[in-house]
Amino acid sequence: MATRGSRTRVGKYELGRTLGEGTFAKVKFAHNVDTGENFAIKILDKEKVLKHKMIGQIKREISTMKLIRHPNVTRMYEVMASKTKIYIVLEFVNGGELFDKIASHGRLKEDEARKYFQQLINAVDYCHSRGVFHRDLKPENLLLDANGVLKVSDFGLSAVSQQVREDGLLHTTCGTPNYVAPEVINNKGYDGAKADLWSCGVILFVLMAGYLPFEDSNLMQLYKKIFKADFNCPSWFSTSAKKLIKRILDPNPETGLVKRQTRFTSKCPANEIISKIEEAAMPLGFDVKKSNYKMKLQGEKTGRKGHLSIATEIFEVAPSLYMVELRKSGGDTLEFHNFYKNISTGLKDIVWKSEEEMRGEGGGSVGS
């Protein structure tokens, strides 16, 4: 690291103003003196990182983030190190935070909120498919570029954006847990994919409502509201938006999105999705009943726990993007997973993102 006048140089980068600061890291504006391009550089204190035994985790996360190439995720370009510091060179996003729009103009119209939600889900899906989880999605992580495209920051660097308190345990930097899933608050082991999805649900609510679904000045009361999913959708939410948010913000593991069920996203029209599921299920010995965007599949054979029955529902999560959920409503869970493996071949033409891609390899098992 060299100092020229009052400017500090790191390799070919000239460092400028501080953009943000945390316990382990400081983020500075940087200018590439060779190309004239602007970047953000996250500067980590090696001593602090070593003291808290985080070097292995940070190395793993950095190696994964180098592989992430997605238009809705801030890109990592390179990593450098000196004797005392680690420098992570990141894409500089200059359009401000998405939530500044709400602060200055109020809530968004539903179609605009869904546009941003689709970009957020695309980013989250992509990273989960590579085993990278955010675990701390919140307003400060949702940035906009000069063209208004959403960029999720700090993906895969969750350990860096966390704080170690006197008890030596990791705690998230967010002052309030408004965006955090119940199991994360509980401090139990949790599924990174599920926790991120919950945060996405809270974010969608805020975009459309202009306020938080869970809020209370008393922290314990706030926890209770989150554990019970005690919230009400405003009257101006459409029926499909209410339904989607209630499915995502469901704290009950029996009915929540990631228990005894599987899901995938599709860009095909809803009627085509229904036809394909029907075509694939009938040769496997299932009776199919249809009603609107719902289907009921009933197995003809009696399994270990009676007839296997599956409820299928299609949700429009954004324009031309559907989430298809297949949920076991009767019978044996293992038979349900075998059924899904068998039916998957017939559905491959309509699947955009599969369960595995959405949850990533570190996401825990479904229906455990």
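Cβ coordinates are placed from backbone N, Cα and C, and glycine is handled just like the others.
These figures come from a predicted structure and were not determined experimentally.
What TrEMBL says about this protein:
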DOMAIN    13-274  domain 'Protein kinase'
BINDING   Lys42  ATP binding site
TRANSMEM  195-214  transmembrane segment
Cβ neighbour count (within 10 Å, all chains shown) around Lys42 (ATP binding site): 24
Local confidence of the domain 'Protein kinase' (13-274) - pLDDT mean: 84
Where the residue listed as 'ATP binding site' sits in the secondary structure, as DSSP reduces it to three classes: strand
